[in-house]
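Since the structure comes first, as structure tokens, the remarks are kept for the end.
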Amino acid sequence: MTTRIAVTGATGRMGREVIEAAGEDDRFEVAVAVSRSPGGAIAGVEVRDAADLPALLADHDPDALVDFTGPESSVERVAACAEAGVPAVVGTTGFTEEQLAALSEAAADVPVLRASNFSRGIAALRRAVREAVVALPGYDVEVTETHHDGKRDAPSGTALTILDDIEAERDDLEERTYGREGDAPRSPGEVGVHARRAGDVAGEHEVLLAGEDNVLELTHRAGSRRVFAAGALDAAAWLAGREPGRYDFTEVLE
Ligand SMILES: NC(=O)C1=CN([C@@H]2O[C@H](COP(=O)(O)OP(=O)(O)OC[C@H]3O[C@@H](n4cnc5c(N)ncnc54)[C@H](O)[C@@H]3O)[C@@H](O)[C@H]2O)C=CC1
Ligand SMILES: O=C(O)C1=N[C@H](C(=O)O)C[C@H](O)C1
């Protein structure tokens, strides 16, 4: 069966990648692609004006929309999905609590699956980290992420998800310390958080656990953006036709 998708942010790094990945996979067809900078084509798909999204969704009736844009835009695009009855896969990161509430509101009308990371490797890293923090109680924990120089939000959405996972397992960790400078010795309840921006790194996340004479480092490196695009497409195929509500990428992987 073919899943017909709509793609937003089509001219962005991830939008482009999703269109190209869908074009190389018989299971998908790009029904419509939009950008706020329309014109031209990507992998043979015409890029339409994002301002026309509501009408385009009504005309093309895709099985799901895939959104990798920015928080404000993402909220608007998902609201358009709610209006048109189109399931939404959201990969955008950097949302405020208010914006997350708006996405939840849309999920009353259509299925919405949001994930800070669509790589299967990160799903495995999250499981390993949860197990490690339980197995190593009292260990110091530091989270470091590295991304390309164009990334806007810091720390990354994935780092924030990993921090939530760690804090859910270790209630002695109650303070996130973002970088360190000057006279800044470690205090027991802190988790260090570090964001690096350099070159064209697709995405790296490292969790360091250290105790007396024992150091464990768990690292995931995305070799390219294709891993995120592939995961988002899997999520779109899985989400199409589901009941309204909020869904998680881990459900796609079960
Ligand atoms: N969940 C995941 O697996 C992944 C998530 N991301 C997230 O996806 C998002 C996009 O990343 P990239 O493609 O690298 O960014 P990008 O900057 O290359 O592309 C963003 C696209 O969204 C559009 N856009 C942004 N704000 C907009 C607005 N207010 N109105 C209309 N259009 C708007 C831009 O025109 C552009 O086409 C980021 O939040 C990033 O963190 C990126 C990679 C993987
Ligand atoms: O902006 C990116 O590039 C990425 N963003 C996501 C995040 O913020 O976690 C996922 C991935 O690491 C790439």
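Even glycines carry a Cβ here, placed using N, Cα and C.
Residues within less than 8 Å, Cβ to Cβ, of Thr93 (NAD(+) binding site) and separated from it by at least 6 positions along the same chain comprise Pro71, Ser116, Asp153, Ser156, Gly157, Thr158, Leu160. Look at TrEMBL and you will find Gly9, Ala10, Thr11, Gly12, Arg13, Met14, Gly91, Thr92, Thr93, Ala115, Ser116, Asn117, Phe118 tagged as NAD(+) binding site.
Residues or ranges marked as domain 'Dihydrodipicolinate reductase C-terminal' in TrEMBL: 121-253. For the domain 'Dihydrodipicolinate reductase C-terminal' (121-253), the model's average pLDDT works out to 97.
TrEMBL lists His147 with the feature active site, proton donor/acceptor. Taken residue by residue with DSSP, His147 (active site, proton donor/acceptor) is part of a strand. Residues near His147 (active site, proton donor/acceptor) in space but far in sequence (CB under 8 A, at least 6 apart, same chain), listed by position: Ser156, Ala195, Arg196, Arg197, Val201, Ala202, Gly203, Glu204.
Under the DSSP three-state reduction, Thr158 ((S)-2,3,4,5-tetrahydrodipicolinate binding site) is assigned to helix. Here TrEMBL flags His148, Gly157, Thr158 as (S)-2,3,4,5-tetrahydrodipicolinate binding site.
Remark: Lys151 (active site, proton donor) has Arg197 as non-local neighbours, by Cβ distance under 8 Å and separation of at least 6 in sequence. What TrEMBL records for Lys151 is active site, proton donor.
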In the chain carrying Arg13 (NAD(+) binding site), residues 6 or more apart in sequence that have Cβ under 8 angstroms from it: Phe68, Gly150, Arg225
Binding-site residues listed as Thr11, Ser116, Thr158, least Cβ neighbours within 10 Å: Thr11
Structural state of Phe118 (NAD(+) binding site), classified by DSSP into three states: coil
Annotated recorded positions His147, His148, Thr158, filtered by Cβ under 6 Å to ligand 1: none
Distance-selected binding-site residues near ligand 2 (C-beta under 6 Å), from Gly9, Gly91, Thr93: Thr93
